[in-house]
Each structure stands twice: as structure tokens, then as C-alpha cells.
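As C-alpha cells, the structure follows; a few thoughts come after it.
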Amino acid sequence: MEKLIEELRSRVSELEEELHRVRNGEQVHEGHRAKINTMSAEVVDSNPYSRLMALKRMGIVEDYEKIRTFTVAVVGVGGVGSVTAEMLTRCGIGKLLLFDYDKVEMANMNRLFFQPHQAGLSKVEAAEHTLRNINPDVQFEVHNYNITTLDNFQHFMDRISKGGLKEGTPVDLVLSCVDNFEARMAINTACNELVQIWMESGVSENAVSGHIQLIKPGETACFACAPPLVVAANIDEKTLKREGVCAASLPTTMGVVAGMLVQNVLKYLLNFGTVSFYLGYNAMQDFFPTMAMKPNPQCGDKYCRKQQEEFKLKEAARPKQEPIVVKEEEIVHEDNDWGIELVSEVSEEELKAASGPVPELPEGIKVAYTVPITEPTSGFIVEDSEQSLDELMAQMKNL
């Protein structure tokens, strides 16, 4: 106990000294770099952006420094959210808004971000302290509350609509990294009402699968368009939690899902590559399914239905482009003075014999190959002589 008290006193002393230096505008710790006003592509050990700026030199990103103009809100600073915030900070995002009401616990140490000495701190406070040390160029705004309560929900909507890099402007993207459906539905409602593009992410309860999803209100399916069973059945998810039972958590799956999410964010903000509307991950089979989901006209969210109607009007007002008909040019062969002809080595009868029946399929679907009908193998049938192996060997020696 005395040792613990001494450690806590030492920590308090360090924090008091750090607070004193911050108030005096001094550098808090040795080794902390000063802020960088302009990103540079100069390849030197002291440049934290040289590897990122190399993306422009290699033709991947047209203007990487544009990332400093964007604001991203991360809701949920847990296994996925904390790693997502760290990746965006290292990438040099302009501003991060962090929302979470939970505290750091020792049970969180199997994740990739928090450290044991941060136990007891709010997750947003611990995250801001670590992230600010990683990259002082990024602006941070943290909110330690539950967004699903009435008062906090209104404040949450206010911040994502006015908390951009330039105060009074909306954020560029909202990232849902929460672990419960109630919070997801709150984010979904807010973004539908504000017409705010957002990305949803999640990891399964058994920790071996996850997904990310880009949601554009009115254009793609929102979270309420195709809700999980627990939401569609109006089940209180709190009743599903049993005492002494918790969801599994693998740092590997958390890292993979966070990586997919941030990669999609970068492609969306910096306009390179193909942005995925839905990307899944199955760790058991290393399977990455992709798809795009259309909105549900009977969605339970009235703001989603409203945005669907407005999107249809925009599409109808857009000038229609005439389909470009490509005229096939006739192939003109040169004179064949030698009379050379290309003849297939396989006859039509052989091709027909090597192919099997084609099943009836819906329009637009074709089989990659068919399996030929196998015929019984013709040949001699050897009768069973009921002789032992030794007797057969003796007969062979006498031949």
C-alpha cells in the first residue's frame, strides 16, 4: 500500500509540473516537437509527414496536404474508435471530435491503444492526452457524455453541425465506433436529420468478424433501413447482457476493422481509389465481402424517407446522358498469300462431349464452367479368383 501511495504522489507531482509548464507556454516534455505549419515532402528523419507526402509523388493522391482541412467526429473511443483516432492523428487530420462517456479500465488493456496508468481516466481525456503528444498539429475537441440522452443528443447534433475546423461549419465525416445499437440509432437519426454523411463500423460479439459501411442519407441504406434483429424486434438489448458474461475482444480484429475504416475515410476525403459502401471481414476464412445497399422506401426513420424523396428529385432533375454507342469496326485482314488458316484442334463433337448441361439461371448470371456427364468406364472385368497373394505370386514365378 505504501508503494502505491508513493507512486500516486509521484504521478501527481509530474502532472502538477506539466500543468505549470503548459500554463507558462513551455514545452511539456523533452522530445515533443513543435507544430508544423506546412507539410513538407522533404525526406529527412525529422519530418513526420515525408512518408505520407510520398503518396503524391507516387501518383496515389493528388494533394495529400488537403487532409489538414478536414474535420472528423469519432463517436466511441473503444477498441475500434481509439485506434481509428490514432491513425487519423498520425495521418495529420485537421481536427478530431471525440465522443464517449466511458472510463478506461484494466479490462481495456487487451486493445491496442490505452495504457495501464490511464485506468480511471475518461476515455476521451486519456485519448486526447496521448494523441496530442503524437501529433500536436491536430486540433482536438472532446466530449465526455452519453449521446443517447435527450440533452446530450441535442448538443451532439449541434457539434457535428457546427464543430468543423472553421467554427460554425459542419464536420466532414462522422465515424460510428460504438458497441451498442442504441447509440448507432442515435447517430443514424442525427445524420439523417442533418443530411450528414457518416461511416458505421462494428465487430461481432465473438470478435472474429467485423464490417464498415458508408451511409449517405437518401442515397444508400441507413442503419434503420435494414436493422439487426435486436432492433427490428424492439428488444431491450440491456436484457441480453448476463451477469458474468461479456463479449470477446481481439486486438487483431479491432485493428483490422479500424484499418479498413480509416482507409475508406482517406479514400473518401482525398478522392483516390474506390470507396466501399460496405466491406465485411471474416477472420475465420479471411473473407472480405463487399456490397452496396439501396435505401428502404418504408424505412422507420422519417428523415431517411424525406432524404430519399429529395434524392429522387435531384436525380430526376439531373440532365440525362445519352448512352454512347460504340460502333464495331470490321476487321480487315491483309492478303493471305500463303493460304494459311487457323483450325481448332478440337472438333465440335469433342467440345460438346466435354461440356455438361447448363442449369436454368436468373437473367444476367452465367456459369463459369459445366461438368460433363460421366459415362461408365469400359474395360475388362476381372473375376475374383479367391486366391491368396502367395498363390498368385507363385503363379507369376512359373510364367
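Yeah, the Cβs are placed from backbone N, Cα and C, and that goes for glycine too.
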Range annotated as region 'Linker' - as stated in Swiss-Prot, picked from 3-33, 282-312, 344-374: 344-374
Stated Swiss-Prot location of motif 'UFC1-binding sequence (UFC)', expressed as one of 80-95, 160-175, 384-399: 384-399
Candidate ranges 45-57, 123-135, 136-148, 331-343 [criterion: Swiss-Prot lists as motif 'UFM1-interacting sequence (UIS)']: 331-343
CB contacts for CYS222 (Zn(2+) binding site) [other CB atoms within 10 A, all chains]: 31
Under 8 Å by Cβ from CYS299 (Zn(2+) binding site), same chain, sequence gap 6 or more: CYS222, ALA224, CYS225, ARG305, GLN308
Residue counts (helix, strand, coil, in that order) that DSSP gives for the motif 'UFC1-binding sequence (UFC)' (384-399): 9 helix, 0 strand, 7 coil
Most Cβ neighbours inside 10 Å, all chains, among the binding-site residues CYS225, CYS304: CYS304
